[in-house]
Structures are given as structure tokens and as C-alpha cells.
Amino acid sequence: MRIDSSLPGSRRRADGATLVCLFVLSLLLIPARLVLRGLPMSLTLADVIALLLLLVWLLAQFTTTLGAAKGATPARTAIFAYGMAFLTCYGFASLGYLPSDELNLADHSLVLFAGYVGLVLMMCDGVRGRDRLDFVLKTVVVAGAIVSVVATCQYLLEFDPTTYMSLPGFRHTSVEGTETVMSRADLRRVAATLGHPIEFGVFCSMVLPFAAHFALQARDRGEPWRRWWLCAALIAAGLMFSVSRSAVLGMVVVGAVLFTGWPLKRCLVSLGALAVFLGVMKVAAPGLLGTFYNLFANAGSDDSILYRTHDYPFALTEVSKHPVFGRGIGTWYPYKHQVFDNQYLLSLVETGVVGVVAFVGVIVCGVVVALRARRLSGDPHVRNLALTIAACLLVPLVGAATFDLLSYPGVTSLMFLLIGAAGALLRALKAENAAPAPAPTPAAEPARAGLRPEAVAQLGPGPG
């Protein structure tokens with residue numbers, strides 16, 4: 001029996017949204033390089049919780065007492081199709097000979113993928129209602145702001161809190177992996193608790209729009225809103241401190257989509273806020289804006305871009321060996337093979353055309369589902385939330401061309417979470433639209449007695 005949280009003294013029972021929030025907190029607040037001890041493969045606490053999400057979802061499908069939604073949805077169908085493509089590529093690679101190290105990495109990738117599937121399914125079927133969806137996304141925003149505080153300490157104070165985040169039962173994956181601060185053009189590049197500055201920057205570009213959404217929503221509803229603008233400012237600062245070209249490209253994509261659906265006044269206010277923020281950044285971090293300008297102005301001679309493009313012929317040669325299903329997911333890894341800073345190239349090598357089509361298809365499906373949810377609602381805040389989800393899901397499509405996106409669990413997990421969020425929002429709106437109008441209360445019946453017949457006819461029939 002569920003407890004009605006609207007009653008005084010009652011507590012809301014843990015549900016799918018609660019479990020997803022535990023996943024988000026473990027993903028972001030525990031450094032990415034800390035993995036659990038005593039396991040046959042390197043798994044973080046977030047990976048284990050994601051597998052738990054899949055298990056709970058499976059159990060919920062065999063019972064009616066756990067409150068999970070049932071029935072097919074576009075997002076569920078998309079993740080199932082992606083899963084079938086993934087398993088097909090994995091099976092094809094396992095049929096042939098693979099060195100033991102590559103086979104172990106393929107098994108590891110399969111375990112991680114099972115967790116991502118569990119995350120999407122729990123979001124679609126376990127997060128019931130728009131209030132619980134907001135709860136999950138607000139948790140992402142707050143956790144993102146906390147992570148950005150860590151990034152600010154790393155950049156401005158040259159102090160790395162992650163070096164003191166050694167927890168019992170955890171170990172570092174490698175000595176080199178513990179470094180979360182790099183450099184570019186004599187400036188520090190920070191990754192906060194994530195695995196790489198590029199990952200952190202792209203992550204911020206996907207979370208920042210939600211902080212702005214909740215700030216605007218709270219202001220319009222007369223709720224406390226300054227806390228959300230503070231989160232937005234911290235996340236925006238974290239994006240800048242990553243010194244990532246991919247993060248800026250992601251924000252350009254998000255801004256272009258949001259501006260198509262926002263009123264003109266909101267667009268102008270956003271541009272003004274951006275100008276003020278950049279002015280503050282120029283004072284707080286001298287040289288940072290100039291570095292970003294040079295990243296794009298000198299893109300034609302940038303060593304990082306030349307490195308990303310010089311390996312195209314070599315990658316195509318590898319693709320030609322296994323063009324349909326690839327050589328095996330997770331089998332092309334650094335220290336043994338050439339690094340491809342392009343997820344599309346890497347996926348072509350590892351999973352072939354089937355894997356690339358499935359990867360693009362599941363993201364596009366998430367965008368379409370979010371836009372479909374937007375059309376179903378007349379509430380401007382719900383419409384803006386759906387548009388924000390769609391805009392942020394386009395960031396991985398762009399980012400995949402600039403770095404090996406699926407190699408980084410932070411931004412990959414957020415991508416799958418947003419695909420599930422699109423499915424949860426569409427399901428919630430369909431349920432609201434299908435719900436019957438509330439019947440008149442019995443207390444209203446005595447009032448009919450003193451009315452004239454024509455007035456009673458205008459009121460319509462009473463209950464029963």
C-alpha cells in the first residue's frame with residue numbers, strides 16, 4: 001500500500017525517481033577514477049546502481065505492486081532496438097578470435113551498457129508524473145552545481161578537492177587517471193570529479209539549460225528562484241573552466257534550438273545575461289576569453305584538430321575489415337591502438353554501420369519524443385522543459401564528432417538519462433490528457449434544489 005504524501009505526517013515511499021537520484025549523486029559526487037575493490041572488473045558505484053536499476057525494472061514488470069508503468073513507448077522501443085544492435089555486434093565479435101584483453105574489455109562494455117539500458121527503462125517506467133521528473137532533473141542540476149564548485153577550486157584556487165576524496169572500499173583505476181587538471185595555452189583545464197575536461201565541459205553544456213529552466217519556472221510560480229540562478233552561474237563557470245571547444249559548440253547548438261521556441265523578450269534577456277557573465281569571467285579569470293577566441297580563430301592550425309583528422313584514412317582501413325558489425329565493442333582502446341577523438345569513427349571501427357545507426361537513432365528518437373511531448377502540452381513551462389530536453393540531446397550528436405563520447409560515463413549517462421526523461425514526460429502527459437474530468441462533488445447537489453429547471457440543465461447531470 002502506498003502512502004499518500006499529501007497527508008500530514010506521511011512520507012513518500014522510495015520510487016524509481018529516488019533510485020535514479022541515488023545514481024546521479026554517486027555518478028557526480030564520487031570521482032570518476034574511484035572504482036569498487038574486490039570486483040573482477042573496474043566498476044564504479046554508479047555502475048552498480050545502474051545495474052540495480054535494471055534489476056528493479058525487471059522485477060517491476062512481473063508485479064503490479066511496485067508502481068512501475070507498463071506498456072510500450074517510443075523511448076522504450078528505441079532503447080530495445082539499440083540493445084539488440086549492441087548485442088548483435090557483441091555476438092559477432094565473440095564468434096571470432098579476440099585477444100583476452102580485448103575480450104575482457106568487450107565484456108566490460110556489455111556490463112556498462114546493461115546499466116545504461118536500466119537507467120533509460122527506470123526513467124521511462126519508474127519516474128511517474130511530472131513532479132517526480134522535475135525532482136530527478138533538479139537533482140542533476142544541484143549535483144552539477146556542486147561539481148562546478150569543485151572545478152572552481154581547481155581553476156581559481158589551484159586546489160583539487162578530489163585528491164582527498166579517497167573512500168573506504170574504493171581504489172583508483174590508475175595513477176595517471178587520478179589527474180583531473182590539465183593545461184591549454186598556459187591555462188588550467190579542469191575536470192572536477194569527471195574523467196576529462198572535455199567531458200566535464202560537455203556535461204555542463206547539457207545541464208546549464210535545465211538550471212535556467214527551473215529558475216524561470218520558479219520565478220513565474222512565485223517560488224524561490226535565486227538558488228537556481230546561482231546553480232546556473234556555477235555550472236556556466238565550470239563550463240568556462242573546462243576550456244573546451246566541444247562545450248562551446250554544445251552551448252551554441254542548445255542556444256539555437258531554445259531560441260527557436262522562446263519568446264523574443266526571453267532571448268534578449270538571455271543575451272544580456274550572457275554579456276554580463278562574460279564580463280565577470282574576464283575579470284575573474286584573465287586570459288580565459290582570449291583562449292576561447294583563439295580556439296576557434298586558429299582552428300585551421302590547431303594541433304588538436306589536425307590530430308583528430310589525420311587518422312581518417314587509417315580508421316577507414318579498419319572499418320573496411322568489418323564494415324557491418326565492427327570488430328567488437330570496447331576492443332579498440334588506447335595504449336594498444338591508435339586513439340580516435342571521434343565517436344563516429346570509433347563506433348564504425350568497433351560496431352560497424354549497425355552500431356553507428358543505432359547510436360544516432362536512439363538519440364534522434366529521444367529528440368522526437370521530447371518534441372512530441374511538447375506538442376501535447378499547453379503549459380508553457382512543460383513545453384519549455386520538453387524543448388530543453390530535445391536541445392540538450394542534440395549536444396551528444398555534435399560532441400560525438402569532437403571526442404570519443406561513449407568512453408566517458410558521465411556525459412554518456414546523462415545522455416541516456418535525458419532519453420529516458422523524454423519518455424517519462426511523454427508518458428506523463430498522455431496519462432494527464434487521458435484522465436477523465438473530475439465528477440461534481442455530492443456537496444454540490446443540494447445547491448441544485450433551489451434552481452430553476454433551465455439552470456439545472458445548464459449545470460448538466462449530477463453524479464449518478
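Residue 1 is the first one shown; counting continues down the chain.
The backbone N, Cα and C atoms fix where each Cβ goes, glycine too.
Listed features, source TrEMBL:
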TRANSMEM  16-36  transmembrane segment
TRANSMEM  48-67  transmembrane segment
TRANSMEM  79-99  transmembrane segment
TRANSMEM  105-123  transmembrane segment
TRANSMEM  135-157  transmembrane segment
TRANSMEM  198-216  transmembrane segment
TRANSMEM  225-241  transmembrane segment
DOMAIN    231-360  domain 'O-antigen ligase-related'
TRANSMEM  247-264  transmembrane segment
TRANSMEM  271-296  transmembrane segment
TRANSMEM  352-373  transmembrane segment
TRANSMEM  385-403  transmembrane segment
TRANSMEM  409-429  transmembrane segment
Two-stretch contact, the transmembrane segment (247-264) and the transmembrane segment (385-403), at least three Cβ pairs under 8 Å: yes
Number of helical, extended and coil residues in the domain 'O-antigen ligase-related' (231-360), per DSSP: 98 helix, 0 strand, 32 coil
Chain residues outside the transmembrane segment (79-99) and at least six past its termini with a C-beta under 8 angstroms from it: 106, 109-110, 113, 117, 120-121, 124, 322, 325-329, 331, 350-352, 354-355, 357-359, 361-362, 416, 419
Reported mean pLDDT - the domain 'O-antigen ligase-related' (231-360): 88
Candidate ranges 48-67, 105-123, 135-157, 271-296, 409-429 - greatest C-beta contact count to the transmembrane segment (225-241) (under 8 angstroms): 135-157
